[in-house]
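S.K.: According to Swiss-Prot, the protein has these features:
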type: REGION; residues: 1-85; note: region 'Disordered'
type: REGION; residues: 129-149; note: region 'Disordered'
type: MOD_RES; residues: S169; note: phosphoserine
type: MOD_RES; residues: S238; note: phosphoserine
type: MOD_RES; residues: S294; note: phosphoserine
type: REGION; residues: 396-442; note: region 'Disordered'
type: MOD_RES; residues: S400; note: phosphoserine
type: COMPBIAS; residues: 419-431; note: compositional bias 'Polar residues'
type: REPEAT; residues: 846-878; note: repeat 'ANK 1'
type: REPEAT; residues: 884-913; note: repeat 'ANK 2'
type: REPEAT; residues: 1033-1062; note: repeat 'ANK 6'
type: REPEAT; residues: 1099-1128; note: repeat 'ANK 8'
type: REPEAT; residues: 1291-1324; note: repeat 'TPR 2'
type: REGION; residues: 1372-1401; note: region 'Disordered'
type: REGION; residues: 1430-1586; note: region 'Disordered'
type: MOD_RES; residues: S1442; note: phosphoserine
type: MOD_RES; residues: S1458; note: phosphoserine
type: COMPBIAS; residues: 1469-1498; note: compositional bias 'Polar residues'
type: MOD_RES; residues: S1545; note: phosphoserine
type: COMPBIAS; residues: 1553-1572; note: compositional bias 'Polar residues'
type: MOD_RES; residues: R1563; note: asymmetric dimethylarginine
type: MOD_RES; residues: R1576; note: asymmetric dimethylarginine
type: MOD_RES; residues: S1579; note: phosphoserine
type: REGION; residues: 1692-1718; note: region 'Disordered'
type: COMPBIAS; residues: 1783-1798; note: compositional bias 'Low complexity'
type: REGION; residues: 1783-1803; note: region 'Disordered'
type: REGION; residues: 1821-1843; note: region 'Disordered'
type: MOD_RES; residues: S1824; note: phosphoserine
type: MOD_RES; residues: S1827; note: phosphoserine
type: REGION; residues: 1968-1990; note: region 'Disordered'
Amino acid sequence: MFRNSLKMLLTGGKSSRKNRSSDGGSEEPPDRRQSSVDSRQSRSGQGGISTESDCAFEPDYAVPPLPVSEGDAEQELGPPPSVDEAANTLMTRLGFLLGEKVTEVQPGDQYSMEVQDENQTSAITQRISPCSTLTSSTASPPASSPCSTLPPISTNATAKDCSYGAVTSPTSTLESRDSGIIATLTSYSENVERTKYAGESSKELGSGGNIKPWQSQKSSMDSCLYRVDENMTASTYSLNKIPERNLETVLSQSVQSIPLYLMPRPNSVAATSSAHLEDLAYLDEQRHTPLRTSLRMPRQSMGGARTQQDLRVRFAPYRPPDISLKPLLFEVPSITTESVFVGRDWVFHEIDAQLQSSNASVNQGVVIVGNIGFGKTAIISRLVALSCHGTRMRQIASDSPHASPKHVDANRELPLTQPPSAHSSITSGSCPGTPEMRRRQEEAMRRLASQVVAYHYCQADNAYTCLVPEFVHNVAALLCRSPQLTAYREQLLREPHLQSMLSLRSCVQDPMASFRRGVLEPLENLHKERKIPDEDFIILIDGLNEAEFHKPDYGDTIVSFLSKMIGKFPSWLKLIVTVRTSLQEITKLLPFHRIFLDRLEENEAIDQDLQAYILHRIHSSSEIQNNISLNGKMDNTTFGKLSSHLKTLSQGSYLYLKLTFDLIEKGYLVLKSSSYKVVPVSLSEVYLLQCNMKFPTQSSFDRVMPLLNVAVASLHPLTDEHIFQAINAGSIEGTLEWEDFQQRMENLSMFLIKRRDMTRMFVHPSFREWLIWREEGEKTKFLCDPRSGHTLLAFWFSRQEGKLNRQQTIELGHHILKAHIFKGLSKKVGVSSSILQGLWISYSTEGLSMALASLRNLYTPNIKVSRLLILGGANINYRTEVLNNAPILCVQSHLGYTEMVALLLEFGANVDASSESGLTPLGYAAAAGYLSIVVLLCKKRAKVDHLDKNGQCALVHAALRGHLEVVKFLIQCDWTMAGQQQGVFKKSHAIQQALIAAASMGYTEIVSYLLDLPEKDEEEVERAQINSFDSLWGETALTAAAGRGKLEVCRLLLEQGAAVAQPNRRGAVPLFSTVRQGHWQIVDLLLTHGADVNMADKQGRTPLMMAASEGHLGTVDFLLAQGASIALMDKEGLTALSWACLKGHLSVVRSLVDNGAATDHADKNGRTPLDLAAFYGDAEVVQFLVDHGAMIEHVDYSGMRPLDRAVGCRNTSVVVTLLKKGAKIGPATWAMATSKPDIMIILLSKLMEEGDMFYKKGKVKEAAQRYQYALKKFPREGFGEDLKTFRELKVSLLLNLSRCRRKMNDFGMAEEFATKALELKPKSYEAYYARARAKRSSRQFAAALEDLNEAIKLCPNNREIQRLLLRVEEECRQMQQPQQPPPPPQPQQQLPEEAEPEPQHEDIYSVQDIFEEEYLEQDVENVSIGLQTEARPSQGLPVIQSPPSSPPHRDSAYISSSPLGSHQVFDFRSSSSVGSPTRQTYQSTSPALSPTHQNSHYRPSPPHTSPAHQGGSYRFSPPPVGGQGKEYPSPPPSPLRRGPQYRASPPAESMSVYRSQSGSPVRYQQETSVSQLPGRPKSPLSKMAQRPYQMPQLPVAVPQQGLRLQPAKAQIVRSNQPSPAVHSSTVIPTGAYGQVAHSMASKYQSSQGDIGVSQSRLVYQGSIGGIVGDGRPVQHVQASLSAGAICQHGGLTKEDLPQRPSSAYRGGVRYSQTPQIGRSQSASYYPVCHSKLDLERSSSQLGSPDVSHLIRRPISVNPNEIKPHPPTPRPLLHSQSVGLRFSPSSNSISSTSNLTPTFRPSSSIQQMEIPLKPAYERSCDELSPVSPTQGGYPSEPTRSRTTPFMGIIDKTARTQQYPHLHQQNRTWAVSSVDTVLSPTSPGNLPQPESFSPPSSISNIAFYNKTNNAQNGHLLEDDYYSPHGMLANGSRGDLLERVSQASSYPDVKVARTLPVAQAYQDNLYRQLSRDSRQGQTSPIKPKRPFVESNV
C-alpha cells in the first residue's frame, strides 16, 4: 500500500490532477494514497483511485467511495509508464532505508472507513501489492460492483457512505493506471478475510435488505483465497506480490463487504460499457478470487507462504517490482475437479500434424468446430491442464457441486485427467489402432500441451472475458508467466514502458497497438536474438462464439481482432481456437485448419470417442450398471445396444451423454426396457427433465425464477448477496428474507454453480441459453424472462444510496434500456419512453458525464447507452482524460466513430471545442482521414481555418498525413467567412503550408494536386507557389522535400520548375538541407540540376563541411567524387577536416585525410584539427591525427595546446592518448587540471612514470626531480571519491623519492620520505623496508632492524625483507664486536676482497664497485639472457610494475601484484586504468587513472643503447674525491634502451613488466655480457687496477655504528683491459673496510660518493654463461646477485657475507651499492623467482641480511601469501621500488604524467621538504665531507644513473633507464633493490607500490646482488675500510651492470647466486656463472618481493 500511496503521489498526483475532473476529483492526501488501493477506493470518490492503479483508466471506473463530483475522476488515458517505475524505485529506496518498517505505516488513517484492524491489515496488504487491479483484472466484478465478488468493505451493511468508498476491490484499482495489481492484492486479502468469516457473517445476516449478510458471506474467503492463491503463488507475478503475511492480515481485514449495489459493475452487454478499468476489477477480482478448492490446495507456489501469516511486513526492503500484468482467473463450471477426459487423441494428433505442416495457409492455427456440449472446452482445458499453466486448472475447474470446498483433497490431481485404462476390455479409446499408435497420439497431445504459453476462455455470462482489452492483457500476463518465455518476462521487467503498453488502460485505448508492440514485437525480437527457445508456441482460445454476445457498437470482438492481427503473428506462434458450429462463419477470415467434432457420420474417430466415454461411465459406476441392466447383469449385447442408442441421440455431444449418465447414476432414469423410451432424446429434454425433478410444481419454479432472471440478465457472475439485494430491489414492501433466499438458492445450486470467488455462474452456457430461448416446437416450460432480470438489476442500481461509479452507471443504462419498463406508457403519459428512461437514470446517479466520457465508452462506445446518458443530462462537451483533455466530440472524431459524432452533434455539442493542444474535432478528423466526419462537421459550420497551437489548420493536418480526399474537400469548403474574420490567415496560406507539409512527407499526389489547383478566381484562390516558402515553417517545397530525403517529390518539383538554388526563410538552399541529413541521392539529383558543389552558405561553409560536420561518410565521399574542394575554409578558417574533428567523426576524418586534407591547418584562432579533436574528446580521432603527422605541441593563439584543451574539457581518454604520444605537461595543463581529480591522477601518474623511467635509466637525480615535482603538484584537497587513489599515489611517490634519495646518498631525506609514506599508510611494509634501507645506509642498524621487524610482521613471507633482516642483524652483531678481520678469503670469492683490502680503501671501493658492476652487469646480462624467456613467465613479478621497455610490452598485459595481494594484470594497451607502475593499487584503485597511464606508462620504450654500454666495457674509475660529482657511465640503461648489447635484458622490474617485450632482459643481458665481457676487465680487480687511484688500505677499524659511511663514489672506469691482479688482491677485512670507509669518507668524500655511485651502479654484468672479467663464470655472480649478494660466492658463508655486507652496507659503500642495484635491479629482479621456492632458495643462498631483503620473492607468489609473512616484504626495495613500482604498476599513471623534463633537484627536494643536509649528515656522518656532496644534489648529478629511482623502474622507466644505464653508474642498483622490495614483493603488494614490482624487483635484485656482492663477496673490511669504495667500486660496477641488466635477470641472479660474496673473484666467477644460471633459470621471479613492492 505504501507503494501504492507512493505511486499515487507520483502518478496520482499527475493523473489525478489531470483527471480530477471526473470523480470526486480530490486527490487523496499523500498518506491516503499511500493507503492503498483500499483506501483509495474507500477514499471518498477519489479519482485518485483510478489514478493509483495502473489500470484505472478513469477514475470513473474507480469506485468512488464517497460521492464525488463528476468531473474529477477522469484520468489520463495513458498513464505515464514511469509512475510504476518511479514508485518502485522510491519504494525500493525507502524499503532499504526503512526496512520492515515501511509496512508498518499506520494504515489507520488511510482506511478511515474500515475498522482499524481491518484497515491495518488491508493497508499492509495493499501496501504490499501496489498493482492495480486493472492489471490483475480478474473476470469478476469489482468489489464494489454490484456484481463484484469482493465483499463490500463497509462495515455497516447499510452504510451509505461506504458504498464505494471503502471498497478495496480491485475494481477500484481498475481505475488506476496500471492494471491494478494493488487492488487485486488488496482485494485478495480482503477476500481471504472475508471468506474466513463468511460463514459467520452469513449467520448474522438479517433477512432484510441488510447487506451485511451478503457482504461477509460473500466469498470473502473465496475471493481472498483465490486471490491470494493466485497472486501469491502463481502470481509471483504481481507487481508487488503480496507477501504471504498479507494473507493473514487480509483475512482479518475486512469481514464486511460493501453492499452489492455499491459495488462497481462491469460494462454493459455491449461491452461498450465505459467502465473504467475499474470495471476490470471484476476481472481482477475473479482473477484473484479465492479458489473454491480451499487454501489447502497446493497452488502454484503458494503453498507454504500462505500458512505463514506473518506476512506482515516482510516486504522489508520492499520487493522489487514484479510484472504488473494480471491474468484473468477463469472458472469453467462445466469442468469440475472430478472431470475426466476420455478419447479425442485423434484431435490432438491432427492438430499437431497441421501445426507442423509446411503449408503456410493452415499451419498458423487450428479452429475446432463443434456444437454446444461437444467437448471443445474440454479439449482446450485438457491442453491447459498439461501445459506449464496446468496449476491454474485448479482455478479453472469448479468444485463438483457435491464436494464442499472444505473437504477438497489437497493433493488431488488436476481435473480432466484421463481415466486409467483398466477397462481396456471395453475401452477402445479413440485410438483405432495399436498401442504404438496410441502412444504416438499421446505424445502428440503432450507435445502440444508443452507448447502452450497462454490461454483464454470466452464466457458469455462473464462479459469481461469477451472483451478485447482483457483478452490482450490476459494473454500478455500469461505469456510472461510461461517458463519458456522467461526472457519475455525479463524484458517486461527491464522495460516498464512495455508493461504500461500492456496495462488494461492502454489495451482499452488501442488493443492492436498494445498487442503488437507489447507482445508480438518483443517476442519476435527475442526469437531473433535466440533468447527464447526455437520452437513453436501455442495460444489457446475457447469459445470465440461466446464473445460475439458482447460485440461492441464500435471496436473489435476477439475474433475480428485476431483476424486483423493474425498476419502479424510470427510463424512460430500458433493459435488453437474453438467456435460453435452455428457461428463458425465468424472465423472464416482466420487462415486456419478446421477440425469438426460434430460430423459423426464422416469421422469414425468421433464414434470411438463416444464409445470410450460410454464405456468409461458404465464401468466406473456400479449404480449405472445396475440401472441399465435388464436382469441385473450386463451383457455385451445390452451394452452395444445402449451405446449405439445413446450415440445416435447425442449426435456427438459429450454433454448430453454426461448429463444422461448422471441421471441414470442417481436413479432418476432406470432403463429396464430395451426400447429406452425413458431416455431423453436431446439436451433440451435433459434440462427439462432435470428442472421437472427439481421443481415439480410451477409455484416451486416461480419461487426461484427471479433469481434465474437476475442471473441471466447480469453481465457477469453475481454473489448471493448481490442477487439477494437485486431481488429485494423489486419490491417496496414484503422483502425476501435472507434465510428464505438461501433456501431458494440452494434449490438452484445444481444449475447456478458457486465459483471460487463466491459468485454464481450457470452450470453450462447451453443451460443459460435454454432458459432464455427455445427452438420451435420445444416446450416453453421453465422459460425465464431476462427483461425482468434487467428490471431488478436496474432497480438495484437505482436504489443504491451511494453514487454509482462510471462502470455502474453504464451498466445501469444498459439494464434500463433492456428492461424497457416504459414500453407502451408514452401514449398514456404523453412523454416519450426515452425521456422517461433518461429521467430514471438522471435520478439514479450523478456521474453521467463521467460515465459518458469514461475510457471504455470513448473507445468502445455503446451508442444507445450514450444516448440515454445524454438524455439524462450528461455534459456532451465534457472533457475527457485523453488527447490532451479533449472534449468527447474531439475523441470520437479522432477515432472515426461516425454514429457517436452524429449523436453528439444531434444534441448540440460544440463543433469548435478544442483540446488543450488547440485541435478541434475537424482537425482530429482531418488528421485521421475520416472524410465522412469532416463532412458532418463542416455541415455544422466547423471553422475550416482554425489554427491549433502549432499554427496548423485542418488542411495542413490532412496534407501531413496524406489524406488526399480530405485535402480536396477542405480546399473546396467556404473559407471566406473565416478568412475575413481572421484577416491574417488566408486560404492561400493554408494551401502553401499544405504543399510544404505534403512535400516534406513525400506525398507526391497531394503535391501534384496542389501545384495544379484550378484557379477559379485569381484573387481568391491562389495556387500553391512552387518557389515560395510557407508562413509556418519557412521552407520551400524543395528544401522541405530535400531535407526529409523525399527523392520522388524532389524529382517532381524539379520537373515542375522548382529553383535549385532557391533558399528557404533561413537562407538554406536545398543542397544544404539534404547534405545536412546525408541524402546523397538527392545531392546527386540537385547537382545534376545545376547546383554548385562548392557553394558556400552565409558562414562560408560548403556542402562538404556540412556533411563532414554531420558525419555522413557516404555524402562526404560522394561530394569528394563530385569534385568538392577539400581545402576550402569557412569564415572562421575551418576546413571540412576541422569540422569532422570538432564533431568527432573518425570515419569522415579518415576519409578526408586519405583524400589529402591537411592535418596541420590552423584556423583563424590558430586551432588545428588536433586541437578541435582534443576539444571534442574522441581519442581515436586524436590518435589518428597524431599518427598522421598532426603537431602534438602546437600552440594556438590563446596559448593552448591540444593537451590543455583535452584537460580543460576533461576528456580523459584524449589526455591519455596525447600523453602516450609524448605531449608535454605544461603550466597551462596543470592550471586546467585544477579540481579535476581524474585528470590530476593521469598527470601525476605520467610524472611518476617519467620518474620511473629515469630511475630505470639510472638517472636518479632526474627521477627524484620528477617525483618531487609530482608531489609539488599534488592537489591539496578535494580528492573526493578519488581520495584512496591519491593517497596510494602519494605513498608511491614518497617511496620512490626515498629510494632516489638513498641512491643519491641522501640518507636522511630518504628516511624522511619513507616516514612520510608511513604516516600516509601506516601498514605499509614497503615504507618500513624503504626506511630501514635508508637507516641501514646511514648505519643506524638498530633503527633499521626495528623497521625491518615491523615490515616482516606486515609481510612475513617477503624474502627481500628477510634477507635484509638477516644482513642487518649480522651487521648489528658486527657493529657490536670490534671489527673482526674478515674470515680468510674463500677461494677466489673472498680473495679479491681480501687481497686488496688494505691497499687502498678507495681502490677497494672501486674494486668492489668494479666487481659489482662487472659481475652485476654480467649477471644482469646473463640473467637478462636467461630471463628473456622466463621473464614473461615470471610468476610473481607483477609485470606491470615496470613501465614497458618496449612497445611490445604495451600490448602485453602486465601483471602486478596489488598491495592487496591480488595480482592485477594490466594490459598496457588498454587505456582504462592508470596505475602508477609502482603501485598496483593505483591501477586497481583508480582505473580512472586512465588508460593513458597504462598505455603510455607501459609503453615500452625502444631499446636504447647507452653510450656507456655500447662501449664494450664500462670503465669505472672511482673519481677522485670530487668524483662523486662526476657522472659515471651508467651501466647499460634499461635493457630495452640499451644498445643491442644491453638490450638483452631489462631490469628485472622491467623484465617482469615487460615480459612480452621484445627486448627481454635476457637478450639485454646477453648482448651486454657479450659485448661488455670482452671489453671488461677480466675481473673487478683488474678494473680496480685500472682505476686511476686506489684507496690505500686503511687499518681495519671497527666501523662505528653511529658513523654512517658515505659510500665513496668510486669512479669506475670500465676498461676493456682486465686488471685481475688488483682486483683479486683487493680484499679488505671487515674491520679494515669499516676503517677505510671511515677514513675514506673523510678523505675522499667525493670519491667515496663516487664509489658509492659506482657500487650502486654495479650492474649485473653476467655474461650469458660468460666469465666475469677475471674469467669466472658470471653465473655465480648472478646467483649471488639474485640472492641479494651480488658478489657473494657459494663459498662464502652466509655469516661471512652478512658481516662483510653489513659493514659494507652500512658503509658508504653499501649505500652506493644500493643505488646501483636499485637501478638495475628492479624489484622485479629480486623478486623474480620462478617460484617461491626459487626465491627461498635464493634467499637462503644469499644468506646475507642484505640478501634477505634482496631476496626475491616469487613475484608470482600471492601478494596475500607474501603479505602474511612480514619478513618477506623488502622494505628496502620497497621504498624505492615502491616509488618506482608505483609508477610501473600504475604504468599508465606514471607515464601519463610527463614531468617537466627538468626537475630542479631543489624542487624535488622541496616537495618533500626534507632537509637534505640533515639527511646527509645523518646518513653520511662518517663520510661527512662527502655526505654533503652526496646528499646534495650538486654531487648527485654525477650519479644520475640508470638506477631505478626507488626501485621504480617502470617498464618504461626501466627501459628508459637502461639506455641511461650504460651511461650512468649503477649506484642506483641498490636502490633498485630497495625499490624492488617495496612495491614488488608480494608482501608489498598491498601497497600501491606493488605495481612497480617488476622494476623494483630488478632493482632490488641488483641491489641485493650488489649488496650481497659487495657486502658478501667483498670483504667486509674492504667495504668498510675503503668506505665501501671497493664495494662501491667493483661491486658497484657489477651491481650497476646488474641493475642495468634487466631487472629480471637480476632477480634471477639474486635467486640463483649464492649469497657468498666473500671474494670478488669468486664473486665474479659466480656472477658469471650465476648470470649463466640466471639465464638458464627462468627469470620469472614469482613476484619477487621487490616486484611486489614495486
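Each position is counted from 1, following the chain as shown.
Using the three backbone atoms N, Cα and C, a Cβ is placed for every residue, glycine included.
Relative to the rest of the structure, where do these features sit?
M.R.: Secondary structure by DSSP for the repeat 'ANK 2' (884-913): 17 helix, 1 strand, 12 coil.
Taken residue by residue, the repeat 'ANK 6' (1033-1062) breaks down under DSSP into 16 helix, 0 strand, 14 coil.
Beyond the repeat 'ANK 8' (1099-1128), the same-chain residues lying 6 or more positions past its ends with a Cβ under 8 Å from any Cβ of the stretch are 1071-1072, 1075-1080, 1083-1084, 1087, 1093, 1134-1137, 1139-1140, 1142-1143, 1145, 1147-1148, 1151-1152, 1155-1158.
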S.K.: For the repeat 'TPR 2' (1291-1324), jot down how many residues DSSP puts in helix, in strand and in coil.
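M.R.: For the repeat 'TPR 2' (1291-1324), the helix, strand and coil counts are 27 helix, 0 strand, 7 coil.
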S.K.: Any residues 6+ beyond the ends of the repeat 'ANK 2' (884-913) with a Cβ under 8 Å from its own?
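M.R.: Beyond its ends, the repeat 'ANK 2' (884-913) has Cβ neighbours at 18, 21, 553-554, 852-853, 858-859, 861, 863, 866-867, 870, 876-878, 919-922, 924-925, 927-928, 930, 932-933, 936-937, 940-943, 946.
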S.K.: Could you put numbers on the helix, strand and coil content of the repeat 'ANK 1' (846-878), residue by residue per DSSP?
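M.R.: So the repeat 'ANK 1' (846-878) is made up of 19 helix, 0 strand, 14 coil.
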S.K.: Is it possible to list how many residues within the repeat 'ANK 8' (1099-1128) are helical, extended or coil according to DSSP?
M.R.: 17 helix, 0 strand, 13 coil
